[in-house]
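Engineer: Let me give you the structure first, and then I'll get to my questions.
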Amino acid sequence: MLLPKPLKYAAIGGGVFVFGILIGWVIFPVILKSQIKKEMALSKKTDLRQMWEKVPFALDFKVYIFNYTNVDEIQKGAKPIVKEIGPYYFEEWKEKVEVEDHEENDTITYKRLDVFHFRPDLSGPGLTGEEVIIMPHLFILAMVATINREKPSMLNVVEKSINGIFDNPKDVFLRVKAMDIMFRGIIINCDRTEFAPKAACTKMKKDAVTGVIYEPNNQFRFSLFGTRNNTVNPDVVTVKRGIKNIMDVGQVVALNGKPQIDIWRDHCNEFQGTDGTVFPPFLTYKDRLQSFSFDLCRSFKAWFQKKTSYKGIKTNRYIANVGDFANDPELQCFCDTPDECLPKGIMDIRKCLKVPMYVSLPHFLETDTSVTNQVKGLTPDPNEHGIIADFEPLSGTLMDAKQRMQYNIKLLRTDKIAIFKDLPDSIVPCFWVHEGILLNKTFVKMLKHQLFIPKRIVGVIRWWMVSFGLIAVLAGVMYHFKDNIMGWAAKGESTTAKVNPEDGSNEQRGVSVIGQDREPPKVTM
């Protein structure tokens, strides 16, 4: 049976409608998801792999140092007053070297190489790195804190060590040029024959203190970042490639061949999350992203905050913080014991750095008031001092990230050492670092061409097909019924006869005759 022409059009429209739905909402998403899985895995010779191995643009590396303005008063127990100096801006170039693939377990091993270049033109107004800053003497404070924890009976010996190595300092503060403490290094004279200084220097070398370079003639050179610059980190990192399971891409599975570290207690030693340079795709607002920080020997969790956008691309913003160790059971394994956990927002990283220091968000953002009230001059701001990361959720591409961390030390009070006996016994800030990444125009354009332009084209096509198909169906059905109605009307008109009252015939012509016209009968009363 042949369909009427309007119904043919309706059938074609219905086919287009169904095809549009299948293409736009079923087939294309499957193809796109499959393509993303292929592109986002760390396969050899892919664009992502090349970018992952050697980031083709510099990251922002900004250092802010706290200058102490009331040193004499602090030595007498007064609350420290600080003034932030910075930023000192450096380009940070990141590369992974000695990269090896392991097909059998879908992993890659590599070592890390960072190179820093100072950019005075992008630093704070007039900052050259030659500014003299007064800050807590990290070495003196660290020596005393370490002995006070391990062998407090030896504090008198430590005082002799300090006087011998640092030439009888009058306080616990360091006067130093900014570039010296950041990269060039300050000299620690360990060329001493006296027992106390020599013993202290021997222990320092044995412990392989972070940030120290050991030079000839028993000269040590200490800096905050100098040992990282243009030096291959000896640690061998193992991560998943994500070829077998894209949701595993970048996941840290071993460090120096060991499946976990041996620093903290319980599950805090586990590698949870990626290496921080690549993340899995298909992110939702329910996901809690995790990455492992090799600098701090721990994993950080980030949670969804809000929808954002970056250069016209829709993104999800995730935020993170240091944590509340005293009240979060999941984090208490970072403490020596649950009873020794520090207040909210501050973490003891002594076991990680082998230096008695603490980390927090800059300016003690989101830190307990018992800590923040001990220092004047801080102005915490979530926008300036928080940890944030904006991801394109479909591909998991990191578009804009700002990792900020402040390093602090304790002004320990003890009667055993003269320059320590009146200190305020508080945790104080030393410096903080902003490490940021902004995906440049080249890679934003690449992402748009590979992902969003095809997605938008298919989006336009699918809605066009659905709209066209729906209109065609409605139009076909409408015209079909219109033709039928008109046909029925025409048929009814052709079978109806006109009755002529002058025609005396009683023949029925297409109508029923009920009766002849006649006068009503007369009724006689």
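For all residues, glycine too, the Cβ spot is worked out from N, Cα and C.
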Engineer: Looking at Swiss-Prot, which one of C333, C341 makes a disulfide with C335?
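Structural biologist: According to the record, the bonded cysteine is C341.
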Engineer: C352 pairs with which of C297, C430 in a disulfide, per Swiss-Prot?
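Structural biologist: Checking Swiss-Prot: disulfide partner of C352 resolves to C297.
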Engineer: Judged by the number of other CB atoms within 10 angstroms, which among N67, N229, N440 is the least packed of the glycosylation sites?
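Structural biologist: Output over glycosylation sites N67, N229, N440: least Cβ neighbours within 10 Å is N440.
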Engineer: Across the whole of the topological domain 'Extracellular' (33-456), what does the mean pLDDT come to? Round it, please.
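Structural biologist: Summarising the topological domain 'Extracellular' (33-456) by its mean pLDDT gives 93.
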Engineer: What is the interatomic distance between the Cα atoms of C335 (disulfide bond) and C268 (disulfide bond), given in whole Å?
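Structural biologist: Roughly 10 Å, rounded to the nearest whole number.
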Engineer: Between C352 (disulfide bond) and N229 (N-linked glycosylation site), how far is it from one CA atom to the other, in Å?
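Structural biologist: About 20 Å separates the two Cα atoms.
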Engineer: Long-range neighbours only, meaning 6 or more apart in sequence with Cβ under 8 Å: which ones does C297 (disulfide bond) have?
Structural biologist: I261, I263, W264, I349, K351, C352
